[in-house]
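TrEMBL annotations:
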DOMAIN    40-404  domain 'SAM-dependent MTase RsmB/NOP-type'
BINDING   Cys158, Ala159, Ala160, Pro161, Gly162, Ser163, Lys164, Asp189, Asp216, Asp242  S-adenosyl-L-methionine binding site
ACT_SITE  Cys295  active site, nucleophile
COMPBIAS  683-701  compositional bias 'Basic and acidic residues'
COMPBIAS  708-721  compositional bias 'Basic and acidic residues'
COMPBIAS  759-771  compositional bias 'Basic and acidic residues'
Amino acid sequence: GGGVFQGWAGGYPEIVKENELFERYYRELGVVPAGEWGAFMAALREPLPATLRITGYRSHAKEILHCLKEKYFKELQDLEVDGQKVEMPQSLSWYPEELAWHTNLSRKILRKSPQLEKFHQFLVSETECGNISRQEAVSMIPPLLLNVNPHHKILDMCAAPGSKTAQLIEMLHADMNDPFPKGFVIANDVDNKRCYLLVHQAKRLNSPCIMVVNHDASSIPNLQIDVDGRKEVLFYDRILCDVPCSGDGTMRKNIDVWKKWTTQNSLQLHGLQLRIATRGVEQLAEGGRMVYSTCSLNPIENEAVIASLLEKSQGALELADVSSELPGLKRMPGMTKWKVMLKDGQWFEEWKDVPSNRQTQIRPTMFPVKDEEKLKAMNLERCLRILPHHQNTGGFFVAVLIKKSPMPWNKRQPKVHQKLPQRTGDTEVTAANADNGSECITEEPTLAENEESKKMQELQNSDTEQSKKEGVCGPPPSKKMKLFGFKEDPFVFLPEDDPLFLPIQKFYALDPSFPKMNLLTRTQEGKKRQLYMVSKELRNVLLNNSEKMKVINTGIKVWSRNSDGEQFGCAFRLAQEGIYTLYPFIHARIINVCIDDVKILLTQENPFLSKFSSETQKKVKDMAMGSIVLKYDPDPEKPDDLQCPIVLCGWQGKTSLRAFVPKNERLHYLRMMGVEVFKAKRKEEESESKTGEEVQHRLAQTEEGMDVEDKEHDLVTKMEAEVGEESSRSPVESSAMEVENKIEDFDQSSKNANSHVNQESKDTDTSNVKD
């Protein structure tokens with residue numbers, strides 16, 4: 001009878017947070033300092049505090065921080081929930097400029113407490129429009145240690161779900177006055193479905209400098225770029241190598257790890273981790289920095305990978321000393337001694353002790369280096385291990401590598417324009433048998449192969465040159481690469497003489513410096529519905545690698561076709577997501593508005609002109625109907641008013657003026673201006689947003705792409721529900737309880753997805769996405 005349900009909470013069995021093998025393994029290895037074992041285990045059994053990072057670009061981030069501290073955090077003071085006092089959120093001492101915070105409020109308390117509903121809605125809404133990222137504290141460390149500058153070319157090798165990628169994009173845009181930084185981020189993930197989650201995360205930052213690609217990180221192709229008419233291999237200044245791992249540092253969040261943990265996970269992943277890291281350093285520029293990280297505490301996945309990489313690099317790589325970076329972050333030095341254990345509890349101290357029948361499971365690269373001199377020269381103590389009980393976080397490992405010279409197996413590699421083409425379309429050297437420590441060698445092609453490859457190259461060149469002339473970057477041919485997942489539309493750059501552009505240029509009085517060559521569409525035939533924009537550097541990458549790269553997404557939407565507009569001189573209206581990139585080049589149709597006008601624009605659906613200030617009415621009077629820019633500049637003499645500039649897309653009708661701004665972005669700006677936007681009943685809010693969207697859809701007569709984007713947003717929302725931040729690196733699936741929590745956590749009311757995704761994405765089943 002009644003006893004059946006004992007020990008069940010919320011309909012799910014309580015997971016016992018015990019694992020004898022885990023304790024035996026880490027005690028024996030001495031990962032935790034003497035006398036701290038009890039505190040370490042106690043911390044692992046406690047739920048992880050919620051952490052959030054204020055994202056976005058600097059002046060906006062400061063306004064959000066001000067709003068959080070002065071309004072929402074103050075309301076939490078002296079608040080009690082279920083008889084327990086709510087602790088005030090604390091900033092992470094080591095994160096720059098107070099832009100990261102942690103709180104003891106669990107998801108359950110946040111969702112269920114009426115007193116906290118306003119704060120919860122703030123978090124959900126701001127997360128949706130990309131101003132706040134709910135990201136685990138330790139996951140914020142790797143991008144900070146990359147030391148990114150706006151001119152850096154960056155590769156994120158295993159990027160989904162994208163929180164770290166977002167950090168990298170923000171760093172590129174450190175100077176808000178530069179709409180096109182010279183650097184870019186290429187974010188890669190092997191899982192096609194998770195690439196769309198990555199797109200969703202990255203798109204919230206509206207950057208023209210991000211490209212999402214879908215490859216196996218251990219064999220990601222060498223890309224080429226055009227440098228003064230010469231083809232050269234693209235080497236990256238910064239690489240983030242956050243590899244798949246066993247995830248035992250995430251036990252506080254992914255409680256399934258308690259019962260599923262075994263040393264087998266690490267033994268199986270070590271080879272893959274080493275291959276990915278090897279591929280990373282091959283593509284790193286000399287003097288460049290690569291950060292290797294895992295959310296595991298296990299030296300087999302951490303120091304063993306780094307030591308093996310350093311050993312085969314023969315001095316080409318060195319570990320950077322980052323002890324003075326991120327002051328305030330408590331860290332343990334890397335280990336120099338460890339042993340290998342099988343899942344049955346059997347230990348091995350050296351490779352020679354491993355019986356032949358176990359030599360497929362255990363590899364020589366898993367053991368520490370025996371030569372004391374070699375070991376000392378590696379400086380493994382420069383690695384960082386973050387233990388959960390030190391600062392109430394998850395467990396994590398980070399190593400920062402600097403490349404001093406080419407990898408030994410790449411030293412004789414010829415320049416790319418002299419390379420003999422191979423059937424893979426590239427002569428890159430991959431880390432063959434990297435998991436058993438054998439060195440990679442460049443094979444010389446035979447004469448017969450040379451002849452055959454020359455013929456193939458001629459055929460390929462004629463195709464490629466033809467498509468390059470047309471500015472078309474299509475998906476790679478299926479013969480050259482196994483395509484999986486959705487079929488992507490091509491990226492088609494606007495031709496120099498495209499008649500489409502002249503009316504746009506005239507209508508908005510675009511500056512002569514406007515880089516129109518960077519405009520692209522996703523259709524080769526028929527009417528162009530949307531215009532997207534990428535930076536000059538990404539255009540170079542796209543045009544020179546279309547045959548070897550599977551690009552999922554790039555560019556931000558800057559204009560959308562609007563059939564009403566043609567009668568007013570321009571068939572394309574401005575798109576909000578690209579307005580901050582476009583604004584510096586626009587010299588016409590700009591209306592400067594005061595803060596009261598902004599409030600009217602954001603709170604009323606289609607306000608009459610008579611509601612606006614007399615200055616605004618005067619400016620509008622002589623302007624033709626159609627798409628406009630609404631600009632708010634802060635007044636330093638009114639410090640209580642919003643102190644960051646706002647640029648909004650709008651539409652001027654005969655008798656009205658309206659803003660075309662997605663719902664969550666509207667709420668964001670209103671909050672920043674101190675307008676109360678809280679609604680007690682979420683259902684009421686959803687129905688309002690529905691009618692609001694219908695009105696907006698009718699008035700804007702927006703393009704068919706909206707339908708696709710909404711479907712993609714639903715797919716992404718579902719995936720966000722299933723995928724946690726650090727659990728993305730873990731093969732262990734999330735518990736049903738967590739999935740349920742995450743589904744409830746994401747506000748489904750907004751249908752504004754900031755990405756352009758192929759129609760087929762709407763049919764995707766995401767039920768089997770791994771955590």
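For all residues, glycine too, the Cβ spot is worked out from N, Cα and C.
Projection of TrEMBL feature records onto the structure.
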residue	record	Cβ contacts under 8 Å, 6 or more apart
Gly162	S-adenosyl-L-methionine binding site	Ala187, Leu197, Leu198, His200, Gln201, Ala202
Lys164	S-adenosyl-L-methionine binding site	Ser139, Met140, Pro142, Pro143, Asp156, Leu240, Asp242
Asp216	S-adenosyl-L-methionine binding site	Val190
Cβ-Cβ neighbours of Cys295 (active site, nucleophile) (radius 10 Å):
30
Nearest-integer angstrom distance between the alpha carbons (Cα) of the residue listed as 'active site, nucleophile' and Ala160 (S-adenosyl-L-methionine binding site):
14
Applying a 10 Å Cβ distance cut-off over all chains shown, what neighbour count does Cys158 (S-adenosyl-L-methionine binding site) have?
25
Could you please provide the mean pLDDT value for the domain 'SAM-dependent MTase RsmB/NOP-type' (40-404)?
92
